[in-house]
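> Let me begin by handing over the structure; questions about it come next.
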Amino acid sequence: MSARVRLWVFLVGAAGFAVLFAVACFGLPAFGTGHHPYGVRAVHASLSHHTANVIASVNFDLRAFDTLGEETIFFSAVLGTVVLLRRARDERRKDPEPAVVHPRVRRFALLMLPPALLVGLYVIAHGQISPGGGFQGGVVAATALHLLYIAADYRALERARPLTLYEIGEAAGEVTYVITGLAAVLAGSAFLANVLPFGTFATLSSGGTVPVLNAAVGLEVASGVVVLLARFLDQAVEIEEPGEDDGSPRGAGDGGDNGDDERERA
Amino acid sequence: MTDVLIVVALLLVAGAATAAVLNRDPVRQALVLSFLGLALALLFTFLQAPDVALSQLAVGSAVTPLMILLTVRKVRRRPGDGDGADQRAGRER
């Protein structure tokens with residue numbers, strides 16, 4: 001395709017998008033108004049299922065199937081990163097040198113670690129009651145763990161982070177979501193339908209399947225982000241390409257079975 | 001009152017986003033991006049979308065800048081000023 005044709009294709013596409021976008025914008029309700037037909041229906045549906053946080057109800061009850069798709073996208077993205085960032089045959093591992101941490105930084109990071117972890121778990125557990133849920137809490141919990149890297153060094157983080165467990169955790173989160181959906185089918189309802197007892201409004205056990213799905217997503221996202229950051233940290237801190245620093249020969253010694261070796265260390 | 005807060009947050013977002021575009025150094029961009037995440041989280045909070053604000057805070061101002069910083073560190077460690085053989089090995093990849 002020549003540059004001229006490409007430009008025309010782009011212009012036609014852009015014009016079409018501009019028209020549709022303008023039409024859609026004029027069809028929107030006014031900014032900041034109190035009444036919205038979809039909102040009213042969503043609030044009604046979530047209150048009838050005893051889910052105080054309407055957003056959680058929309059995500060994990062009304063649109064649980066959509067969320068399964070989003071969860072799968074996240075799962076595949078982490079899987080793709082793991083495959084892309086695995087150690088190549090001509091790279092080798094070098095133990096990172098322990099870094100000197102300023103005592104004040106160390107104290108602050110160690111002080112913040114437990115509350116940050118707790119906030120993450122709290123946000124996952126209270127997803128059906130207050131803002132947040134599996135995704136948000138999972139990311140908070142996973143980043144909280146990395147305060148160890150700031151407080152101490154990479155070794156300490158690696159010891160506190162059995163990577164295989166987190167890889168299993170990520171898969172388990174995804175599987176739990178599907179199993180919860182299939183359990184509804186076995187109970188004689190539709191896939192991912194909310195079949196559990198709804199409980200008392202605004203308590204930890206309210207919302208039927210919403211807290212279960214929240215926990216599944218929380219497990220997957222927390223594990224997934226840990227695995228994701230572990231791969232990036234590996235690349236930045238440990239894995240060396242031939243020619244870096246001392247220029248040793250390519251693929252010295254441990255060329256073949258890089259994956260297993262990595263797992264053993266984790 | 002809410003309108004004022006929304007306008008302030010919008011200005012912060014626009015300023016941070018412009019700064020992110022104008023900065024050429026990836027490390028600085030990562031830091032500006034972190035600030036942009038914070039500004040967006042504020043905006044979403046003022047627009048009464050705390051769920052989205054939480055996601056934005058966790059992903060936009062913590063995880064994404066961290067991944068950019070780690071990537072920059074890895075790329076910078078590539079040989080570039082070593083001797084000839086090392087440079088060749090680096091470029092083959």
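Placed from the backbone N, Cα and C atoms, the Cβ positions cover glycine too.
Just so you know, TrEMBL annotations are computer predictions that nobody has curated.
Keep in mind it's a predicted model, so treat the numbers as computed, not measured.
Pasting the feature list from TrEMBL:
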DOMAIN    B:11-77  domain 'MrpA C-terminal/MbhD'
TRANSMEM  B:29-47  transmembrane segment
TRANSMEM  B:54-72  transmembrane segment
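So where do these features actually land, and what's packed around them?
Beyond the transmembrane segment (B:29-47), the same-chain residues lying 6 or more positions past its ends with a Cβ under 8 Å from any Cβ of the stretch are 2, 5-6, 9-10, 12-13, 15-17, 19-20, 23, 53-54, 56-57, 59-62, 64-65, 68-69, 72.
Remote same-chain partners of the transmembrane segment (B:54-72), defined as residues 6 or more beyond its termini with a Cβ less than 8 Å from a stretch Cβ, comprise 26-27, 29-31, 33-38, 40-41, 44.
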